[in-house]
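Visitor: I grabbed these lines from TrEMBL:
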type     : residues : note
ACT_SITE : 105      : active site
ACT_SITE : 307      : active site
DOMAIN   : 87-422   : domain 'Peptidase A1'
SIGNAL   : 1-24     : signal peptide
């Protein structure tokens, strides 16, 4: 073979190798989950109190976002830890890498962390990320599709953003790209918000947030792996549980117990994961709630979303009233005031009893029944003598919160547009 032909062949082989590296994608990732306030010395009721206050604000703002939209016409994994309403995933950012514990949020898209120099920032458990010390930091130009995907942005030389959440918290800064490390797996060129003005009471035990919504800015969209799963431990545990991406996200054993629900899209709010809630049972009573109560309306209002960033469940007022009435009629305890902990329905525990029976709560979805254990909808604190229902009323949208998702392994399969779940002891995964 002539020397020139050999040289051409070598060039083609090198080009093929480089192309395979550029277009190869990670097949899976794992992250362990931890709850936000797991390191604080809080009782279960205090944990929920802190979370409920943020959830009330978040619920109102999520509904407002829907209304506004209508009016304006590889093996990737990470640890997650339990806290007081939100959950943290552990990852790292930059080169060299800096630890980055971030709130896990399926109700939003943007990934962000606090950056130096920070003009208005909350205290965080890890050092602030310094873009000048990272060799892989790069600002994203205004012409980028990801810059255009931001709900609020301004452009001069950089893509500057303002991103707000349902609990009135916000982050403001510049959109950039970086290398993120999920354990031993590093993924380059992930777009994120480098925030220099950030506000929010729920952020202080993390260093930012990772959005897992449907939009192009979210981590799941940028990874392009098509599915992810998580398993959230109960509030009073600091043990880790996994957040899994791609091929690792398949649910484990006991396939006969896996149930699936179709995911529904809302063009007015394309980032949210909507589920069709058809009915509710309290105790032995299948409540006669009109079928339209939880429906997603043609104008984009209504419906029910599943959200890891909202702590408790919110039900459209008409449906909630029937749930509340059913609990009142079936509970054999005096009603107590739950105003101080931002919960609507509480009962006084008897001083001479260590156990209390509560009615079963079951949600009937399109294709699956979520039969909740009592720990997933009642919160008890013997020090205050209160037993409270972790469900609240809403107007315009219903939300399945993370308190109701405890010890459920949940798989978001975007390729097949379905959500699957199976009861699991999450801290044993």
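Counting starts with 1 at the first residue shown.
Every residue, even glycine, has its Cβ placed from backbone N, Cα and C.
In TrEMBL, annotation is done automatically, which means it is predicted and not curated.
Any idea what these are sitting next to in the structure?
Guide: Around the Cβ of residue 105 (active site), the number of neighbouring Cβ atoms within 10 Å comes to 27.
Other Cβ atoms within 10 Å of the Cβ of residue 307 (active site), summed over all protein chains shown, number 26.
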Visitor: Hey, how far is residue 105 (active site) from residue 307 (active site), Cα to Cα, in Å?
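Guide: With distance taken Cα to Cα, residue 307 (active site) is 7 Å from residue 105 (active site).
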